[in-house]
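A.B. asks: Provided herewith is a single structure, encoded as structure tokens, for subsequent inquiry.
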């Protein structure tokens, strides 16, 4: 059995790279088994400057007739859940994981660039995210050039994950910086010895990246490790898609509705 991962190289339109990965043995660490790929409709969305160069149709390499081409998604997609519960579960997952990958578009090359960032706080009832940043770093240049951003989280033990797409702004307001400041930040900023740039809350280099959610997609576990192994084993033998996660989507309309009351 093979799992095909497809990713879009949005910086080089009209070109898709595929990687084939063999299904791991069921006795391998659980995190290697259950990080199931999940494709969404906006994966191949181009940067605005490239949109005219891309076809409006999606990619397909198979005709499955009236049968679902992606049975895993059909088996795990969770649509019967109130918005409040979706937001609560997502916010709880992001907060508990803390560390994320922040993806921006490089201001010089146009390529996508990711780096690890620690979540400092959430706003608007859990949907908007705050991260401390050095205002003189490359990511602030990226966001000045293109405000669009993606924040992703992964629990490597359970395979749970989250992807938040939105827009970002760089905030230098001292009150907001101080509200979420931690002395540990000095280790990242350093003390330049000039009495100003000391890595403290008054250091003008210490800023905040505020990410305002536009959409979100995430998956949380529904079974314990024993149940997951059994389900995957059954699927490997029978061809029945493993039902091990709750795949959830939060749309732009749902985000707007939530934001209007929080």
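Each residue, glycine too, has its Cβ placed from N, Cα and C.
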A.B. asks: Select from 44-67, 68-91 the stretch of residues annotated by TrEMBL as region 'Disordered'.
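C.D. replies: TrEMBL lists region 'Disordered' for residues 44-67.
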A.B. asks: Within the domain 'General stress protein FMN-binding split barrel' (87-240) only, compute the mean pLDDT.
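C.D. replies: Result for the domain 'General stress protein FMN-binding split barrel' (87-240): average pLDDT 92.
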